[in-house]
Amino acid sequence: MALIKLLLASLAITSVCGMYSKKDDVVELTEANFQSKVINSDDIWIVEFYAPWCGHCKSLVPEYKKAASALKGVAKVGAVDMTQHQSVGGPYNVQGFPTLKIFGADKKKPTDYNGQRTAQAIADSVLAEAKKAVSARLGGKSSGSSSSGSGSGSGKRGGGGSGNEVVELTDANFEDLVLNSKDIWLVEFFAPWCGHCKSLEPQWKAAASELKGKVRLGALDATVHTVVANKFAIRGFPTIKYFAPGSDVSDAQDYDGGRQSSDIVAWASARAQENMPAPEVFEGINQQVVEDACKEKQLCIFAFLPHILDCQSECRNNYLAMLKEQSEKFKKNLWGWIWVEGAAQPALEESFEVGGFGYPAMTALNFRKNKYAVLKGSFGKDGIHEFLRDLSYGKGRTSSLRGDGFPKIQKTEKWDGKDGALPAEDDIDLSDIDLDKTEL
């Protein structure tokens, strides 16, 4: 059976059973409720981002449940299944599992929990964060985060209303807030007399509240702020446009989703997921680097590049650029990525039955099952893309890793980014050698 089919079967079972049930004090968090339960809440939260196939996540379950029971009534304990709700972890750069984050007084700046994975240690850290929040409130600081620079004013659609997260946009602030922003924006261009705009207003506000901290929603009165409206050739109302981070006027895209808040949230969440950073392609210079990058991932992609003397810096950088491009295209899969120099890790190559003179080469490994697949096509953009696409669809032949489990990674020097150089040869002094001319 193909590697990915086994994985998908496993995921299908775990997604039904779940690592936590409704009987537990651990709250199941999803794309639909994360914003309202965590970000828009005054409660202190600790949230675990996990994958059902992750061994460390399974080991954490009993201690995490115990911590949730102990903190009941004091703080909230939640969990997000990243195989089902990837966009929730995207804004927080979740790369490995389990990842635990504490959402304290400032929900926009959660802190990483890196302590021991025991109920006592988890509870202690959450209580410490709760104490900070209490001190901040006693000192007159707000427990939430305001939408500074939102351009609030007397506009009818955004700004100063209580609980209204829709940003009022104008000719004066549009460029600074939207076009020069690192945030994702959805902007509604409306007219005060437009009936469809009035119908959309409560849905737009609800979506803005749900998406707070992930995607920003704005509204611009196109009958007043005509400079911006004309730039985007607004002719009908409402018109909704999407702006990715760092967009220019020409980069604006039309929104093509539904007009219920749930439709808007789902559409925007998908775009947020697309904008999550691609996983880094690490050089496998030691055991720790490889395990950190791969062990808790569904799959790990290994690239074996030619020796630096056979493929100098420009050549190698071209290969690395190609790998980074593919990691971007397949980032939603949350795979790990490793590259090593050919022949630098003979035990690893032997386990995969690659190497020798066959560089470059690529394999994909499931650490849990010790199953791998090998790229049989060309090591080029199209060949690699086809190989990875087949893996993501559950296609391709797999083999069992040779030997007794994953081999030990030899410690090597990190590549300095420079061309390789042949070792200098020692000059041989022939002056002391007396050769008879007749011997020449």
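For all residues, glycine too, the Cβ spot is worked out from N, Cα and C.
Around Cys54 (active site, nucleophile), taking its Cβ as the centre, 21 other Cβ atoms fall within 10 Å, counting all chains. Under the heading active site, nucleophile, Swiss-Prot lists Cys54 (among others), citing similarity to another entry as support.
For Cys57 (among others), the entry in Swiss-Prot reads active site, nucleophile, with the evidence type similarity to another entry. Sequence-distant contacts (6 or more apart, same chain, Cβ under 8 Å) of Cys57 (active site, nucleophile) comprise Met19, Glu48, Tyr50, Ala51, Phe97, Pro98, Glu296.
DSSP assigns Cys194 (active site, nucleophile) to coil in the three-state reduction, placing it in neither a helix nor a strand. Marked as active site, nucleophile by Swiss-Prot on the basis of similarity to another entry: Cys194 (among others).
Swiss-Prot lists Cys197 (among others) with the feature active site, nucleophile, giving similarity to another entry as the kind of evidence. The Cβ of Cys197 (active site, nucleophile) lies under 8 Å from the Cβ of Glu188, Phe190, Ala191, Phe237, Pro238, each on the same chain and at least six residues away in sequence.
For 139-149, the entry in Swiss-Prot reads compositional bias 'Low complexity'.
Helix, strand and coil counts under DSSP for the compositional bias 'Basic and acidic residues' (410-419) come to 0 helix, 0 strand, 10 coil. The annotation compositional bias 'Basic and acidic residues' is assigned in Swiss-Prot to 410-419.
Following the DSSP three-state reduction, the secondary structure of Gly55 (site 'Contributes to redox potential value') is helix. A sphere of 10 angstroms centred on the C-beta of Gly55 (site 'Contributes to redox potential value') encloses 13 other C-beta atoms. The annotation site 'Contributes to redox potential value' is assigned in Swiss-Prot to Gly55 (among others).
Residues or ranges marked as site 'Contributes to redox potential value' in Swiss-Prot: His56 (among others).
In the three-state DSSP assignment, the secondary structure recorded for Arg117 (site 'Lowers pKa of C-terminal Cys of first active site') is coil. All protein chains shown were included, and the count of other CB atoms within 10 Å of the CB of Arg117 (site 'Lowers pKa of C-terminal Cys of first active site') stands at 15. Among the features that Swiss-Prot reports, site 'Lowers pKa of C-terminal Cys of first active site' is placed at Arg117, with the record citing similarity to another entry.
Proximity of Gly195 (site 'Contributes to redox potential value') to non-local residues of its own chain (separation of 6 or more, Cβ distance below 8 Å) is seen for none. Residues annotated as site 'Contributes to redox potential value' in Swiss-Prot, with similarity to another entry given as evidence: Gly195 (among others).
With a cut-off of 8 Å between CB atoms and residues at least 6 apart in sequence, the same chain places Phe237, Pro238 near His196 (site 'Contributes to redox potential value'), listed in sequence order. Taken from Swiss-Prot, the feature site 'Contributes to redox potential value' applies to His196 (among others).
Per Swiss-Prot, site 'Lowers pKa of C-terminal Cys of second active site' is recorded for Arg259. In the three-state DSSP assignment, the secondary structure recorded for Arg259 (site 'Lowers pKa of C-terminal Cys of second active site') is coil. Within the same chain, residues at least 6 positions away in sequence whose Cβ sits under 8 Å from that of Arg259 (site 'Lowers pKa of C-terminal Cys of second active site') are Ser199, Leu200, Gln203.
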Query raised in the report: Going along the chain, which residues at least six beyond the ends of the compositional bias 'Basic and acidic residues' (410-419) come within the CB cut-off of under 8 Å?
Result: 283, 285-287, 308, 312-313, 316, 340-341, 344-345, 347
**Report entry** Intrachain C-beta neighbours of His56 (site 'Contributes to redox potential value'), sequence separation six or more, cut-off 8 angstroms
**Finding:** Phe97, Pro98, Arg117, Glu296
Query raised in the report: In sequence order, what residues of the same chain, 6+ apart, have a Cβ less than 8 Å from the Cβ of Cys194 (active site, nucleophile)?
Result: Phe237, Pro238
